[in-house]
Amino acid sequence: MSLNDLNTLPGVTAQADPATAQFVFNHTMLRVKDIEKSLDFYTRVLGFKLVDKRDFVEAKFSLYFLALVDPATIPADDDARHQWMKSIPGVLELTHNHGTERDADFAYHHGNTDPRGFGHICVSVPDVVAACERFEALQVPFQKRLSDGRMNHLAFIKDPDGYWVEVIQPTPL
């Protein structure tokens, strides 16, 4: 479908309000049961960098902010890093409610079973075949391998809470 056709779909505002010209999609948030397992997955498996952490002791939760960025671009100064983090796209916020990791029966709903809701996040990689081979070697659980189904150009892996992470490459296979 052409961009022109996309802009004529019902509900689409083709000419955005100029007031939104500098808006940036900054982050999305996932609630996680075991922060150590989640940090390991997102930093070791997917290469995210932990760029900030905020603790709310009285409310018994912590926020962890991760991004796929060159570590050299992360400001060392706390205030500068807070400002920088608010300006970059694609930040992943992990919310950990303290104590959930010790409750064997506790689980968050990932949204891909009934009742359906949230679906997935997506990470773009330079070589999806090599990335999937690495995920296999790391024993990362797959929801969909490249060889599953007709869409053999993408895969879905699962994080420790069962959230799906789509894996694609920007160029054709």
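Easy rule for this one: first residue shown is 1, then count along the chain.
Any Cβ shown, glycine's included, is placed from N, Cα and C.
Among the features that Swiss-Prot reports, active site, proton donor/acceptor is placed at Glu166, with the record citing similarity to another entry. Per Swiss-Prot, the feature Ni(2+) binding site maps to His27, Glu93, His120, Glu166. The feature substrate binding site is assigned by Swiss-Prot to Arg31, Asn97, Arg116, His120, with similarity to another entry given as support. What Swiss-Prot lists as domain 'VOC' is 24-170.
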Could you check which of the recorded positions Arg31, Asn97, Glu166 is the closest Cα neighbour of His120 (Ni(2+) binding site)?
Glu166
Nearest of the recorded positions (His27, Glu93, Glu166) to Arg116 (substrate binding site) - Cα to Cα:
Glu166
Return the residues near His27 (Ni(2+) binding site) by Cβ distance under 8 Å, restricted to its own chain and a separation of at least 6 in sequence.
Phe65, Gly90, Val91, Leu92, Glu93
Mean predicted confidence [pLDDT] for the domain 'VOC' (24-170):
97
Could you measure between Arg31 (substrate binding site) and the residue listed as 'active site, proton donor/acceptor' for me? Cα positions, answer in whole angstrom.
18
Under 8 Å Cβ-Cβ from the residue listed as 'active site, proton donor/acceptor', six or more apart in the same chain: what's there?
His120, Ile121, Cys122, Val123, Leu154, Ala155, Phe156
What is the maximum Cα to Cα distance, in Å and rounded to a whole number, among the residues Arg31, Asn97, Arg116, His120 annotated as binding substrate?
23
